[in-house]
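Going by TrEMBL, these are the annotated features:
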| type | residues | note |
| --- | --- | --- |
| BINDING | A:Glu171, A:Arg217, A:His450, A:Arg491 | L-aspartate binding site |
| BINDING | A:Arg217, A:Asp218, A:Glu219, A:Gln226, A:Glu484, A:Gly536, A:Leu537, A:Asp538, A:Arg539 | ATP binding site |
| DOMAIN | A:138-557 | domain 'Aminoacyl-transfer RNA synthetases class-II family profile' |
| REGION | A:195-198 | region 'Aspartate' |
| SITE | A:His30 | site 'Important for tRNA non-discrimination' |
| SITE | A:Gly81 | site 'Important for tRNA non-discrimination' |
Protein chains: 2
Amino acid sequence: MRSHYCGQVNESLIGQEVSVAGWVHRRRDHGGVIFVDLRDREGLLQVVFDPDRKEVFQNAERLRSEFCVHITGKVRARPSGTANANLASGQIEVLAHELEILNRSETPPFHHDEATNEELRLKYRYIDLRRDVMQQRLRLRHKVTRAMRAFLDENGFIDVETPMLTKATPEGARDYLVPSRTHPGHFFALPQSPQLFKQLLMMSGFDRYYQIVKCFRDEDLRADRQPEFTQLDIETSFMNEAEITGLMEKLARYLFKAAINVDLPDPFPRMTYEEAMRRYGSDKPDLRIPLELVDIADLVKDCEFKVFAGPASSADGRVAALRVPEGGTKLSRKQIDDYTPFVGRYGAKGLAYVKVNEKAKGRDGLQSPILKFLSDAAVSGILERTGAQDGELIFFGADKAKVVNDALGALRLKVGQDLGLVANAWRPLWVVNFPMFEWDADAKRWGAMHHPFTAPREPDPSTLKADPANAVSQGYDMVLNGSEIGGGSVRIHRAEMQSAVFDLLGIGPEEQIRKFGFLLEALKFGTPPHGGIAFGLDRLVMLMAGADSIRDVIAFPKTQTAADLMTDAPTTVSEQQLKELHVRVKLPVKAAD
Amino acid sequence: MRSHYCGQVNESLIGQEVSVAGWVHRRRDHGGVIFVDLRDREGLLQVVFDPDRKEVFQNAERLRSEFCVHITGKVRARPSGTANANLASGQIEVLAHELEILNRSETPPFHHDEATNEELRLKYRYIDLRRDVMQQRLRLRHKVTRAMRAFLDENGFIDVETPMLTKATPEGARDYLVPSRTHPGHFFALPQSPQLFKQLLMMSGFDRYYQIVKCFRDEDLRADRQPEFTQLDIETSFMNEAEITGLMEKLARYLFKAAINVDLPDPFPRMTYEEAMRRYGSDKPDLRIPLELVDIADLVKDCEFKVFAGPASSADGRVAALRVPEGGTKLSRKQIDDYTPFVGRYGAKGLAYVKVNEKAKGRDGLQSPILKFLSDAAVSGILERTGAQDGELIFFGADKAKVVNDALGALRLKVGQDLGLVANAWRPLWVVNFPMFEWDADAKRWGAMHHPFTAPREPDPSTLKADPANAVSQGYDMVLNGSEIGGGSVRIHRAEMQSAVFDLLGIGPEEQIRKFGFLLEALKFGTPPHGGIAFGLDRLVMLMAGADSIRDVIAFPKTQTAADLMTDAPTTVSEQQLKELHVRVKLPVKAAD
């Protein structure tokens, strides 16, 4: 039907007849002539309908925005002074000889260039996706997956599909369940990741596996979560942590070069979990922001100020300072005040600060409500350790370490943005040496920091069991500009170690067999050393595209209540369908009843 | 850890030290020396443990089948006379200097070379997948998808992911449902295909879309069905049927060349549905078998034999003959008798036949229980029309057309196999011009032969509505060696036509809005002409691999009751989980209660 895409018609075709098809992007009537900007996925093309060609012109008078048409005509140079340098086809136009209206269009609910609310965009997603920015984002996504496959195919990885109807496994989040018709009262779970299947593929000797695969988590959705998401899932055998992370950062460099022509550093810096928490209050530090946390517990542990002295003396407490260059001069009083409720969201009970006006004046050169509680030694110690200069500001966090890290870690990002301190750069790093276990105070047991299949550095199960609090894992996260874009680990490949870890996690022998019997069984038959990683595709493409939400790089995303506004899913279903699946609906009872 | 894969060590490395890792495939002790065939995914390598190297040798004495090991040693030529021409590494062996046992193995439940029952293979799938044939099949699958992507990327198709948690749609099979936690009493359906989403992508102007995607059908499983299966899903805009099928057979030729070095014909033959049913009794004829059906209703409609005369005179009846060359001499009486219950499975009440001994003798040269019921004219007419020669056999089918087609169509395949008439060839074709509708006698309404979005050849909705029985669709199936490997159609792109088809299918206005409101709405905004196809990946790879079942080209398949024997899915789940999803189990009540 078409000889060229609209965006491909250019000066080289002047004098030739072309056939194009697409949508009426804009129609203008000017001097008795009708001008139509015709749009297809490759761009815009100006088509001219001349009243001298009566039949075609009369037909063109019916054209409205978003009509779908097929046009044949001759390419000619635009009259001088009317060229459009912003378009590939901006030097030419097509004089229409024939016009076929393939389909009419009602007035769309919103126009391409309009800002509109996301609800309307999601309801009419097929209109929203006509916008050039959305077309480009989804094409970037394809470019990224193509580059992933090119690199992995080249490096001997084999794409293997794993099941979607699987067994419920505890990956830390809630499963989506699927009732079985043929096994009454039984359920499949949609996979949270193909973790165990990819490990089984290593046991099968595939050596290098990958898959770009949908995964599912039935969690309450935050801004950047979706109930179904896509990951690049990778596993390798006979490689150690350094070899795996080395190959994976090579992949990342390849992707950024191929997709958006960016050179990432070689190698990526590596940082231990401990260092990341200490300096940035986060295990996914945004290295574009030059602010850092500094510990000051030793300086204030004996001071009168209980807010500081308490956490400073407590084993699970932390007292830290965040120095903000220009914070004293560029942050308004209102901004500073607003940071208190901001850190409050992370559990901080307040936000102390010191403004450094004139350091040379000692105490008198400082400004702070908490100054009176601090000794001279503490004040000078803080100034010295933070290195704060005149005109700067120091924020403080003092609480349980988790609260301080979350609050000051978030404040660091917020202040960095507010003061324009975020470098225009790509700053990846590896975060390594995660603790194996986190203590769950509510459940009074250890939880797995990554997942229960992550190998500890300690090779001896009994040594591991003797001191779980200090066990360090062979896990690694790839972090980019404050986002975790990939996470993985060397896996446990021996049955005794796997059992020891299950024991530590409070998974009893019976439960081990019931949930992971097949894994423990498989570990008996010569499992090779293996490890892998998973990259979050949605997040990665979002970062590359400079989009604000992963919803903007997913063709048909769900809302924060996990609904599809376009198709209206989920829906009710018939009693007959439920009966066949051996389930019935049990609606929640209202509190008042 | 490794310098080479086992299968890559060859004469070029003689004298060099290599490092390899893999599994003990076989151990032999011979003349005081230990020989191990070491296996990895690229092949086998003979490793020699010499008693002169005491420490390594003692370590090697512990080796058993499937131990996972890391070996360093020197490559040397095998002693003359001991080379193995069947192995890439058959000219050399490695003298082990170092041996590290990475993991022990219990005796596996079955050995590589053993034939074992499928249940055991599925339970220990990770062992089964170690077999070379399974490795090769899954690698072929990857080769096929890689070729698909290469062709489609090259031809401007964009890979777009569509949702897995979707709205229930009537694609003809039962949906897998997923209860929603956030919308009590509501359910998602897993997609039977991304049909509507890909049409919406055309409405969005993506122009050419593809996706290799999991789809789901909760059907009772036949031998070659799986609850989850994979299809290559394709959609294009502004292309007509000839252009779409032309491009798609080009894709098929590309795939067969790239994956298994086979040249498929160019172009594929095209056959109407009517012709396929008439000549082969099937809409997916296996053209490798030279047998054909011949209509003889006109010859027998007035005969005394009611079994023939009845269907011959009935509007929905058919009487057909299947001539079998050499059938008279090569088929035993027992074989012929066994064909009666065989066709009975398809509803045929019997299987009449005539054996042609000596044609020249007329009736006396024929042998058949039904001969006496047929007039001379009928007999000679049948002989003439079938062209049967001495030594041949003619089978007959007489019943409703559907029964005759199913029974003789299946018998044609069966006899073709029994007599070794199946050509060793790849015989693709397009089957086209399907009826739009099939009359569902039970429900007393029209059903869609493809799906309700398939465009009719007739462009006028009211003309279509006036004569649905004779409406022909723009659907097309790609058939290869008796299997439908792809099916698609030009779609309806106008709202009035879509509503007319829904009306004909008995989907009322309210139901249209409830189920397909978003589609009907989308059709209002300049939908382009579009059409596409979906290829069944599992089936395609099975054919290419020469495997007997799609289970053999799926890494972790389910059984015929949709269970995973390895992980034991589906399982029961906790009351708490179900409560969160607002459902409860309702087990079937036994008939006796």
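Quick reminder: no glycine exception, Cβ is built from N, Cα and C everywhere.
Remember, it's a predicted structure, so these values are computed and weren't measured experimentally.
Sequence features annotated in TrEMBL and their locations in the structure.
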{"residue": "A:His30", "record": "site 'Important for tRNA non-discrimination'", "Cβ contacts under 8 Å, 6 or more apart": "none"}
{"residue": "A:Gly81", "record": "site 'Important for tRNA non-discrimination'", "Cβ contacts under 8 Å, 6 or more apart": "none"}
{"residue": "A:Glu219", "record": "ATP binding site", "Cβ contacts under 8 Å, 6 or more apart": "A:Ala173, A:Arg174, A:Arg225, A:Pro227"}
{"residue": "A:His450", "record": "L-aspartate binding site", "Cβ contacts under 8 Å, 6 or more apart": "A:Phe434, A:Ser473, A:Gly475, A:Gly487, A:Ser489"}
{"residue": "A:Glu484", "record": "ATP binding site", "Cβ contacts under 8 Å, 6 or more apart": "A:Asp283, A:Lys284, A:Asp477, A:Met478, A:Gly536, A:Arg539"}
{"residue": "A:Arg491", "record": "L-aspartate binding site", "Cβ contacts under 8 Å, 6 or more apart": "A:Gln199, A:Phe453, A:Thr454, A:Ala455, A:His530, A:Gly531, A:Gly532"}
{"residue": "A:Leu537", "record": "ATP binding site", "Cβ contacts under 8 Å, 6 or more apart": "A:Arg141, A:Val144, A:Thr145, A:Ile212, A:Phe229, A:Thr230, A:Gln231, A:Leu232"}
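In the predicted model, the region 'Aspartate' (A:195-198) shows an average pLDDT of 96. Neighbours of A:Arg217 (L-aspartate binding site), defined as other CB atoms within 10 A of its CB across all chains, total 20. Taking every pair among A:Arg217, A:Asp218, A:Glu219, A:Gln226, A:Glu484, A:Gly536, A:Leu537, A:Asp538, A:Arg539, the residues listed as contacting ATP, the largest Cα to Cα separation comes to 20 Å. Residue counts for the region 'Aspartate' (A:195-198) by DSSP state, with H, G and I taken as helix and E and B as strand, are 4 helix, 0 strand, 0 coil. According to its DSSP assignment, A:His450 (L-aspartate binding site) is coil.
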